[in-house]
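Here is what TrEMBL says about this protein:
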type     : residues : note
TRANSMEM : 12-32    : transmembrane segment
TRANSMEM : 102-124  : transmembrane segment
TRANSMEM : 145-165  : transmembrane segment
TRANSMEM : 185-209  : transmembrane segment
């Protein structure tokens, strides 16, 4: 029974990784096609649906960690996926004024290249039991460029969206109300920007440590 359970787990994770890989490959293809054709103003419209689907599918990774399907710590996975979902739905989708900004292009390209490498790496490991050394190197090296460009784009787009939050007061809850609770999305986003200041370097340092561990392990294998 243990063998059957292991086979089902690998089959499921293999299918999951390749499906999401395909979604991110679509995002990158549509982004580059739009960038070359219509310019950066048309990138978001071209990638909106596959971006939303591929990024939202990452919620499953939190569940995978919680139930023990993968060894990735939820404490590392949750903030990364949470911030991506916040940008995808809470900024880009919620505030169309941000969608034509050039930083959407850098955001989408940084995310999609990162995820194409990551999902193909894990897809091959689950399907074949191993991944080639060059893909291992890409998995643990490209973040040194793509993480800073992605983080810069994320923070900047949140900042760009701030003025548009005040006018319609979207996602605001004022008192008095039956819950006796108030919520201000504008200040929530300001706090989010503040969290990026220590959070970004912390995650970058964590990934550097993971890189050193993974590459040194590959050398001794």
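Even glycines carry a Cβ here, placed using N, Cα and C.
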Distal contacts, the transmembrane segment (102-124) - CB-CB under 8 A, six or more residues away: 13-14, 17-18, 20-21, 24-25, 27-28, 31-32, 35, 40, 43-44, 47, 51, 54-55, 84, 87, 92, 130-132, 135-136, 138-139, 142-143, 146-147, 149-150, 152-154, 156-157, 160
Contacting positions for the transmembrane segment (145-165) when only residues 6+ beyond its ends and CB under 8 Å are counted: 83, 87, 91-92, 94-95, 97-98, 101, 103-104, 106-107, 110-111, 113-114, 171, 185-186, 189-190, 192-193, 196, 200, 203-204, 207
